[in-house]
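J.: Pasting a structure here, questions to come.
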Amino acid sequence: MAKADFYETLGVAKSADEKELKSAFRKLAMKYHPDKNPDDKDAERKFKEINEAYEMLKDPQKRAAYDRYGHAAFEHGGMGGGGGGFAGGGFSDIFEDIFGEMMGGGRARQRSSGGRERGADLRYNMEITLEEAFSGKTAQIRVPTSITCDVCSGSGAKPGTQPKNCGTCQGSGRVRAAQGFFSIERTCPTCHGRGQIIPDPCPKCHGQGRVTEERSLSVNIPAGIEDGTRIRLQGEGEAGARGGPAGDLYIFLSVKPHEFYQRDGADLYCAVPISMTTAALGGTFDVATLDGTKSRVTVPEGTQAGKQFRLKSKGMPVLRSAQTGDLYIQIQIETPQKLTKRQRELLQEFEQISSKENNPESTGFFARMKEFFEG
C-alpha cells in the first residue's frame with residue numbers, strides 16, 4: 001500500500017514553516033498518543049505515521065530530499081548514512097522536548113516510584129446568599145470522594161503481603177519498542193505504568209489503595225467574598241492511589257441574586273420607587289441594610305428620577321480588609337395609575353397653573369428640539 005504524503009499526514013501545506021509543523025505535530029500526537037488510546041491499533045498506526053512525517057519534515061536536509069524525490073529518497077538506502085534514527089534517547093526524548101511543559105517532564109498522571117499516584121482534584125459548587133457573603137459563614141458540606149483504604153493503609157496489597165516490581169518493565173512503568181526509524185516509549189501494558197504489580201490485592205479496595213466514601217468537611221467562607229470565587233482546600237480531594245498524595249478540593253462559590261440589592265464589587269445598589277408627590281414635595285423613607293440596621297433617606301423637594309443617594313459604609317465588606325463599600329439608593333419616580341375623577345381634575349388643574357419654572361428640563365428640551373429642526 002502506498003505511503004501517505006507526509007504533509008497530508010500532518011495536515012499542513014508544503015510551504016509550512018517549522019513553527020506550523022511543530023504545532024500540527026503537537027496536536028495530532030496528543031490526540032493519537034498510545035497512553036490516551038490503549039489497545040487501539042488504528043490510533044497506534046496513526047501515531048507512528050505522524051511521528052515519521054514530523055521527523056522527516058523537521059530536518060531541512062531530509063525535507064529537501066523528500067520534496068524532490070518523495071518517499072523514494074528513503075528507500076533502499078537512498079539517504080546514505082543520513083537516514084539513521086535519533087542520536088541518543090530515541091523518539092521519547094523528542095516527544096518530551098516538545099510536550100515537556102504540558103507533561104511535567106514527560107511523565108503523565110504524576111506517578112512516582114512504587115506505582116503511587118496523586119489523587120484527582122475535586123470540584124464542589126456552592127451557592128450562598130448575599131447576606132451570607134456579607135457576614136461570612138462556616139458551612140458544612142458532604143463530599144463523595146475516595147479515601148485511603150483502612151485495611152491495607154493505601155498499599156493496595158492484602159495485609160501481610162507486599163506489591164512486587166513488574167517483570168515486564170523492571171519497575172520503571174515504561175517500555176520501549178523499536179518502530180523503524182523510531183524508538184517509542186509507552187506505558188507498560190502489564191502494570192499500566194505503575195512499575196509494580198499486586199499478586200494478592202486487598203479484599204476491601206481490590207488493589208486500588210482507596211475506597212469511595214462520603215466525607216463531611218467544614219468550609220470557612222470569609223466576609224466580603226465575591227461571586228465566582230474559588231476556595232482551595234489542600235489535600236481534601238481524592239485520596240492518592242497506593243499511598244500517593246491526595247488531591248485538592250476546590251469550592252466554586254456563586255452568590256444568589258438578591259431581591260433588592262445589586263452588587264458591584266464592594267458597593268451595593270438599590271432602586272427605590274417613590275411617589276410623584278414625594279419627589280415633588282420631598283419626604284423621607286427608611287432602607288433596611290445588610291448589617292441588620294435601617295438607614296433614613298431624606299428626599300429633597302424637586303428630586304428627579306435617577307437621582308442617587310450615597311449611604312457611606314453600608315455596602316459589602318472588602319475581603320481581608322477593614323474597608324467597607326457604600327450603598328447607593330437610586331430613585332425611581334412612580335407615575336400614578338387608575339386615577340379617580342377627582343384626582344384627574346386636580347392634576348389637570350395643576351397642569352393649568354404650572355409654569356416653565358416648574359418643569360425646566362422638559363420645557364427646555366422641546367424648545368431646543370424645535371429650534372434644531374425648524375431653525
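Just so it is clear, glycine is given a Cβ too, placed from its N, Cα and C backbone atoms.
Taken from Swiss-Prot, the feature domain 'J' covers 5-70, and the record attributes it to sequence analysis. What Swiss-Prot records for 136-214 is zinc finger. Under the heading Zn(2+) 1 binding site, Swiss-Prot lists CYS149, CYS152, CYS202, CYS205. Under the heading repeat 'CXXCXGXG motif', Swiss-Prot lists 149-156, 166-173, 188-195, 202-209. Residues or ranges marked as Zn(2+) 2 binding site in Swiss-Prot: CYS166, CYS169, CYS188, CYS191.
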J.: Whose Cβ lies within 8 Å of the mean position of the Cβ atoms of CYS166, CYS169, CYS188, CYS191, the Zn(2+) 2 site, other than those residues?
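T.: Result: GLY167, THR168, GLN170, GLY171, SER172, GLY173, ARG174, VAL175, PRO189, THR190, HIS192, GLY193, ARG194, GLY195, GLN196, ILE197.
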J.: Neighbours of the Zn(2+) 1 site CYS149, CYS152, CYS202, CYS205: Cβ within 8 Å of the Cβ centroid, same chain, sequence order.
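T.: These residues sit around the Zn(2+) 1 site: ASP150, VAL151, SER153, GLY154, SER155, GLY156, ALA157, PRO201, PRO203, LYS204, HIS206, GLY207, GLN208, GLY209, ARG210, VAL211.
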J.: What number of additional C-beta atoms lies within 10 angstroms of the C-beta atom of CYS205 (Zn(2+) 1 binding site)?
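T.: Here the count is 25.
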J.: State the three-class DSSP label for CYS202 (Zn(2+) 1 binding site), counting H, G and I as helix, E and B as strand, and everything else as coil.
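T.: The residue in question, CYS202 (Zn(2+) 1 binding site), is coil (DSSP, three-state).
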J.: What is the separation, in Å, between the Cα atoms of CYS149 (Zn(2+) 1 binding site) and CYS169 (Zn(2+) 2 binding site)?
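T.: A Cα-Cα distance of 27 Å.
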J.: Using all protein chains in view, find how many other C-beta atoms are within 10 Å of the C-beta of CYS188 (Zn(2+) 2 binding site).
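T.: CYS188 (Zn(2+) 2 binding site): 19 neighbouring Cβ atoms within 10 Å.
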J.: So how many other Cβ atoms are close to CYS149 (Zn(2+) 1 binding site), meaning within 10 Å of its Cβ?
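T.: Its Cβ has 22 other Cβ atoms within 10 Å.
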J.: Is it possible to list how many residues within the repeat 'CXXCXGXG motif' (166-173) are helical, extended or coil according to DSSP?
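T.: Secondary-structure breakdown of the repeat 'CXXCXGXG motif' (166-173): 0 helix, 0 strand, 8 coil.
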J.: Let's see if you can do this one: DSSP helix, strand and coil counts over the repeat 'CXXCXGXG motif' (188-195), in that order.
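T.: Per-class counts: 0 helix, 0 strand, 8 coil.
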J.: For a three-state summary based on DSSP, what are the helix, strand and coil counts in the domain 'J' (5-70)?
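T.: Summed over the domain 'J' (5-70), the classes give 49 helix, 0 strand, 17 coil.
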